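Undergrad: Supplied in structure tokens, the structure appears directly below.
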Amino acid sequence: MVKVEESEVLVMDCHHIPKIELHCHLDGSVRPKTIIDLAKKDGIELPSYDLEEIEKLSIAPMECSSLDEYLKRFDLPLAVMQSGENIEKIVFELMEDALFENVKYMEIRFAPVLHTKNGMSQKEVIQSAINGIKRAEMFFNIEATLILCCMKHLSEEDAIETIEAGKKFIGKGVSAVDLAGGEEEGFADKFVNAMKLAKEYGYHITVHAGEAASAQNVIDSIEKLGAERIGHGVRIENNEETYNLVKEKGVMLEICPTSNVQTKAVDSMKNHPIRRFLDDGIKISVNTDNRTVSNTSMSDEFEVCRDVFGFGEEEFRKVYAHSVNALFVDDKKKEKLLRVLNQ
Ligand SMILES: [Zn+2]
């Protein structure tokens, strides 16, 4: 008989835990091999066609100097994401990858405006991503919707253009808008009218804030932009007013542990406040941010939560329930997803 070490028995298998992903960027999650395949197919020039080289160029180091350095890794995938066919394929593959991590439902985000270089309209871009979702849902036991990112470095008019383009897809593949990209202090003021319009149209709203700049951006995102969830938000830790606001309002923080270390949102993994947040009743979810750029998966992020923060079954059940309750879906869908916990 094979003797099983006690430690082996006690280690929780993170791979098979059911998961919900709320924060995943499509362009940061393209398989490196697909970047090469699509570039060859379309005659797009890459710095190299060697898989190892492309991996090196599309994965951000653990020690980035800043969020801006991290964001440079998106140039390469974006080069091959300028046709509907390619976008559809990349969405399909992302959902296939998530399926193997036991993700039950995911919200995939991307900025349609970054995919119009070859003349596609933003509506065509969105439609092709929805086609990818529909195809994956036909083949796999996983569902998804899209979050449309407006870019913080562009104008409010640009944001409104994306909001208008996605309007007809609300409830038919699109659930929300987001503000993404490099974070400056006080960015919210520029987008008040755009987010008001989005809300009127029926979009849900999530905003990247408190990642590379102060907790005040989190307050502004909630109070001025109507954010229902916050991308990252880890900087609330040292600001009592923001912390209490997030806690009282039950605003979900979409936490991405590996990415938070890479972008210097936190100074090290062991100092990440995720466990303190969870124990104190802050609503948190665990996400990849970017499978390729952060060289991670949902299973990897769960392992970090297990190994560094001591998450066990109770904590993972809490994260799953928080995540389902914060999804931009109707109550019927939430009930169905919550039933997974009892299986
Ligand atoms: Zn993000």
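Note: Cβ is positioned from N, Cα and C throughout, glycine not excepted.
OK, TrEMBL features for this one:
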- Glu211: active site, proton donor (ACT_SITE)
- His23, His25, His208, Asp289: Zn(2+) binding site (BINDING)
- His25, Asp27, Gly181: substrate binding site (BINDING)
- 18-339: domain 'Adenosine deaminase' (DOMAIN)
- His232: site 'Important for catalytic activity' (SITE)
Undergrad: Listed recorded positions are Asp27, Gly181, Glu211, His232; which sit with C-beta under 6 angstroms of ligand 1?
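TA: Listed by sequence, the hits amount to none.
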Undergrad: Considering only the recorded positions His23, His25, His208, Glu211, which fall within 10 Å of His232 (site 'Important for catalytic activity') when distances are taken between Cα atoms?
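TA: Checking each Cα against His232 (site 'Important for catalytic activity'), the hits are His23, His208, Glu211.
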Undergrad: Just how many other Cβ atoms lie inside 10 Å of the Cβ on Asp27 (substrate binding site)?
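TA: That number is 24.
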Undergrad: CB neighbours of His25 (Zn(2+) binding site) within 10 A?
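TA: I count 29 other Cβ atoms within 10 Å of it.
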Undergrad: Tell me, by DSSP, whether Gly181 (substrate binding site) is helix, strand or coil?
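TA: In the DSSP reduction, Gly181 (substrate binding site) maps to coil.
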Undergrad: Specify the secondary structure state of Asp289 (Zn(2+) binding site) as given by DSSP, simplified to three classes.
TA: strand
Undergrad: Could you give the Cα-Cα distance between His25 (Zn(2+) binding site) and Gly181 (substrate binding site), in whole Å?
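TA: If we compare the Cα positions of His25 (Zn(2+) binding site) and Gly181 (substrate binding site), the gap is 11 Å.
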Undergrad: How many Å separate the two farthest-apart Cα atoms among the substrate-binding residues His25, Asp27, Gly181?
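TA: Largest pairwise Cα separation, rounded: 12 Å.
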